[in-house]
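Note sheet for the following structure.
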Amino acid sequence: MNTRRELPESPYLAAVAGRKPLRVPVWMMRQAGRSLPEYRALRAKNTMMQACFDADLITEITLQPVRRHGVDAAILFSDIVVPLRAAGIDLDIVPDVGPVIAHPIRTAADVAAVRPLERDQVAPVATAVGRLVAELGDVALIGFAGAPFTLASYLIEGGPSRNHERTKAMMLADTGTWHALMTALTDVTIAFLRTQVDAGVDAIQVFDSWAGTLSLADYRTYVLPHSARVFTELAGSGVPMTHFGVGTAELLGAMSEAVTGHGVPAVVGVDWRTSLTDAAARVRPGTALQGNLDPVVLLAGWPVVERAVRAVVEDGRRAVAAGAVGHVFNLGHGVLPATDPAMITDTVALVHEL
């Protein structure tokens, strides 16, 4: 049953829907994470995977940056590999490395062994969502999942990769196996997002962290149809949907094709390499934009941060004037662990003033 809330005062939901928000909405990717001492205290007693499958910890960690920073949206604490682990893939998140896959997927037989995700396998996530929507008030809750391509890269490479050699080799040379894997992972992503939506999240975001490694032609041929199916399947829920990748300037138009045209608010995330005004010209009509402060700026001291934040807000206004539906202030990627939490708090306050 859909338990989603009505949040008419949410600046985030207003901006993505093309309404005039009360203020410029702001939240930050990885706002719940190692920049926060309260997060580090919890993680000292729990592994990442333990935290991601414990409803109490998911709830508390999701709420931490809302309490501290006053952001306009909470993003569910999880990891893009959680549904893979839940579906039975042997993996772990190794500190300072990232996801490591015990048995990488390299053959058609490996792909055939990928099992679908069942709702009860991520029951703690749904429980946490239910608790969060009861506590967050007017703060929107964003659910998320990894895009099929990024999940495929982790599974094929066995972990993080600089050049994605094995991934691209399968994609280009063994297209049947590639599309079979992407189909299976698309099903997993849809199931994970649907569980979150049915539990009550107010919006969703799909992270395609590694899509920027692809040419536009390869993205359109081997990835876009699968990513588009994720959004097509979830659109019926009525929640706003965001599509985000890193280093994806040349892909922004195609990424917007995947998320727009479904009758619900559509957002494309932009990293710091592309101006929001330029992004507005690249995406399809009807698209809101999210971004795009360089996370490293938050390490550079307040005078630098203040100038950069003002520049992003002004660029967002120019982007809206140029046709973007709305602008949500965010970083161009996740908060870096070394970031001073006070700098984030002050950034949020400044955005709200502008």
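Every residue, even glycine, has its Cβ placed from backbone N, Cα and C.
Caution: TrEMBL annotation is automatic and unverified by curators.
Binding of substrate is attributed by TrEMBL to R30, Q31, A32, G33, R34, D79, Y154, S209, and within the candidate set H327, H333 the record adds H333 to that site. DSSP gives Y154 (substrate binding site) a helix state. Cβ environment of Y154 (substrate binding site): V81, L84, L91, P99, I101, P160 lie under 8 Å away, each six or more residues apart in the same chain. Here the domain 'Uroporphyrinogen decarboxylase (URO-D)' (25-34) returns a mean pLDDT of 95 for the predicted model. Taking Cβ pairs closer than 8 Å, the domain 'Uroporphyrinogen decarboxylase (URO-D)' (25-34) reaches residues 10-12, 14-15, 40, 43, 61-62, 64-65, 69, 71-75, 77, 142, 244, 328-331, 333-335, 337, 344, 347-348, 351-352 in its own chain, all 6 or more past its ends.
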